[in-house]
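Written out below as structure tokens is the structure these notes cover.
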């Protein structure tokens with residue numbers, strides 16, 4: 001069940017959902033707007049010939065932050081990691097979904113590639129996967145609205161919420177834009193080879 005504005009306010013007032021810093025004026029009819037922090041992780045393309053999720057590539061990205069009140073300029077075709085200004089904390093019976101802002105999407109800014117889901121029990125900054133699919137550079141201003149958080153109530157509280165030891169929870173408590181930790185539990189299923197002569201239709 002998607003929570004309405006009154007449900008979101010009630011959950012925040014009760015302390016079950018925490019947004020820090022919190023501005024009540026950011027609540028929408030069925031979501032709450034989240035804002036952009038000032039730090040970004042930029043990919044260092046010259047350091048590796050390829051990206052491999054199976055191994056740690058410690059210096060694949062570099063943390064950068066514009067000085068003062070300057071914007072970060074995202075160029076056409078560029079992909080960087082950013083993060084929300086807000087630290088988001090969810091209880092065991094609520095999951096979140098981060099959606100982009102329509103007004104920014106119409107300018108060619110994608111807020112996330114695939115990772116818009118937020119597990120019950122999560123606490124931390126939400127890492128953003130920012131892409132510019134427009135033909136002109138886009139200025140990203142610190143503190144601007146960058147996305148909207150929708151909240152969904154589970155049928156029952158999660159038996160093992162995010163942060164439980166059973167799941168590892170690689171991003172619990174993350175601060176700022178956090179690079180991929182896929183290598184920590186990278187697994188592969190056995191995939192049978194295709195017999196000779198069976199390639200193609």
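Every residue gets a Cβ built from N, Cα and C, even glycine.
These features come from Swiss-Prot:
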BINDING   101, 102, 103, 104, 105, 106, 119, 127, 128, 129, 148, 162, 174  dCTP binding site
SITE      116, 117  site 'Important for bifunctional activity'
ACT_SITE  129  active site, proton donor/acceptor
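Checking each of the recorded positions 101, 103, 105, 129 against residue 117 (site 'Important for bifunctional activity') by C-alpha distance, the shortest gap belongs to 129. Secondary structure from DSSP puts residue 128 (dCTP binding site) in a beta strand. Note: the CA-CA distance between residue 101 (dCTP binding site) and residue 116 (site 'Important for bifunctional activity') rounds to 13 Å. Taking the C-alpha atom of residue 129 (active site, proton donor/acceptor) as reference, the shortest distance to any of the recorded positions 116, 119, 148 belongs to 116. In the three-state DSSP assignment, the secondary structure recorded for residue 117 (site 'Important for bifunctional activity') is strand. Residue 116 (site 'Important for bifunctional activity') has its Cα within 10 Å of the Cα of these binding-site residues: 128, taken from 103, 105, 128. Within the same chain, residues at least 6 positions away in sequence whose Cβ sits under 8 Å from that of residue 128 (dCTP binding site) are 36, 81, 82, 83, 84, 98, 111, 112, 146, 147, 177.
Listed recorded positions: 105, 116. The one with the lowest count of other Cβ atoms within 10 Å of its Cβ is 105.
The Cβ of residue 148 (dCTP binding site) lies under 8 Å from the Cβ of 28, 31, 32, 33, 34, 98, 99, 100, 101, each of these being in the same chain and 6 or more residues away along the sequence. Cβ environment of residue 119 (dCTP binding site): 90, 95, 158, 161, 162 lie under 8 Å away, each six or more residues apart in the same chain.
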